[in-house]
Amino acid sequence: MGRIKSSSGRCSTARLEAVAVLVVVFGVASSSLRGCIAQQSGGGLTRGSFPEGFVFGTASAAYQYEGAVKEDGRGQTIWDTFAHTFGKITDFSNADVAVDQYHRFEEDIQLMADMGMDAYRFSIAWSRIYPNGVGQVNQAGIDHYNKLIDALLAKGIQPYVTLYHWDLPQALEDKYKGWLDRQIVDDFAAYAETCFREFGDRVKHWITLNEPHTVAIQGYDAGLQAPGRCSVLLHLYCKAGNSGTEPYVVAHHFILAHAAAASIYRTKYKATQNGQLGIAFDVMWFEPMSNTTIDIEAAKRAQEFQLGWFADPFFFGDYPATMRARVGERLPRFTADEAAVVKGALDFVGINHYTTYYTRHNNTNIIGTLLNNTLADTGTVSLPFKNGKPIGDRANSIWLYIVPRGMRSLMNYVKERYNSPPVYITENGMDDSNNPFISIKDALKDSKRIKYHNDYLTNLAASIKEDGCDVRGYFAWSLLDNWEWAAGYSSRFGLYFVDYKDNLKRYPKNSVQWFKALLKT
């Protein structure tokens, strides 16, 4: 997953428990509450609650699922390096095996089909296609993803393919520091074109990047995820990096990389393949801590430093004016030619949404003095508590509070700010702990997860039917319990329980039956 989390596609990291303040802060985002709010719980959801053609699926990521890290010519990635660095992963695990989907994809596709899922969002490992990031194509990698795509289509499941879900080839990190160098734009575009050419006859929905905001913050500001660069707390945690500049450089290159890939697709492949390209943005929703003007403005500003940072250039041709004013010369500028290519380069908006926080104006200099980073630039503080009371019930991950109304508010924000773009919820879900003292039988009783999906989907349906938001699909994170980035195997997001002690056997949680009933009605 991707998120301040480590996830899913999330970015959840259990290590944030030791630095709860950093957790909240580094997942900045927010805006004033808009739109009507549906009840926290809703009943009677069916397929008919959503428009005709609305897509239901589950989501995954290559590094979290595949395993087989040294098979069939796959090259090393920055996450291989990070996971094998002592102290980086909460449970000291790695994803060398993960849930072994590389070998078990046919079994897992059958699980999706049995539930009645329409689509599967998975990522291609760049280092399986180009082991060194560039150069010679690895045919074994091409063959594997052809088999996966064909197997999905044979079961009537549409592939939604992510090109980059955090697993940069280590060779490019070694060669020129990866996303910090402008060369990455051309190398990513070349990799993307190879995927368009090889798989585009069957893949009609491409997600070029998963959670670029999470990568910029967790990888280059907080240093809690690969490649683990930062300068916060006087480099006590990271050996190298600059938290005040590198996140902005990396973000700029992400935006240019998507635009370059989109330009190639539209010029050479769109006419014959007729696919669409988007990005999966990680977006927390934030409500003002109070109804004061200063907190309302802080919430808006925080959201601009999250979604606006990465989405505004595609709709308006530049970063938010608030960022220009507060970041100054540290925020890169688009040339006129670059802005022309970037603006309009999104066919749809992917949203990875899990939780909602309160946001207030930061009226102290402590954060700026200690961190000197993007959080300090926002001038905000985001917390899941107000007056000592949590904003909602908490899942297992310390960052994940269950606030279904945030889904509807966020959809209205996207509709209003970006003039009703097509939206897919590319990730949404919650986790349980990997508790060794709970039996498998009890672990399958996930009523909390059922309520989570029911309530978030109820608010999503209301945003479509009552508010006119153009939302076209929903992907649950995740099909299986899996390796959750810096949280390792300590966090279970799956609809299916994976027995890590017994050959990775898959067992359906009660939420599987809930989705099956939803999708059949």
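Easy rule for this one: first residue shown is 1, then count along the chain.
Including glycine, each Cβ sits where the backbone N, Cα and C put it.
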Additional site residue, His144, His165, His258 [criterion: listed by Swiss-Prot with Gln64, Asn210, Glu211, Tyr354, Glu427, Trp477, Glu484, Trp485, Phe493 for beta-D-glucoside]: His165
Cysteine paired with Cys230, where Swiss-Prot records a disulfide bond, from Cys195, Cys238: Cys238
Minimum Cα separation from Glu427 (active site, nucleophile), reported as the residue among recorded positions Asn210, Cys238, Asn291, Asn362 that achieves it: Asn210
Candidate nearest Asn210 (beta-D-glucoside binding site) in space, where candidates are the recorded positions Cys230, Cys238, Asn291, Asn362, Asn372 and distance is Cα-Cα: Cys230
Chain-internal residues, separated by at least six, CB under 8 A from Cys238 (disulfide bond): Gly223, Gly228, Arg229, Cys230, Ser231, Val232
Nearest-integer angstrom distance between the alpha carbons (Cα) of Gln64 (beta-D-glucoside binding site) and Glu211 (active site, proton donor): 15
Local Cβ density at Trp485 (beta-D-glucoside binding site) - other Cβ atoms counted within 10 Å: 36
Euclidean distance between Cα atoms of Trp485 (beta-D-glucoside binding site) and Asn291 (N-linked glycosylation site), Å: 37
Candidate nearest Asn362 (N-linked glycosylation site) in space, where candidates are the recorded positions Glu211, Tyr354, Asn372, Trp477, Trp485 and distance is Cα-Cα: Asn372
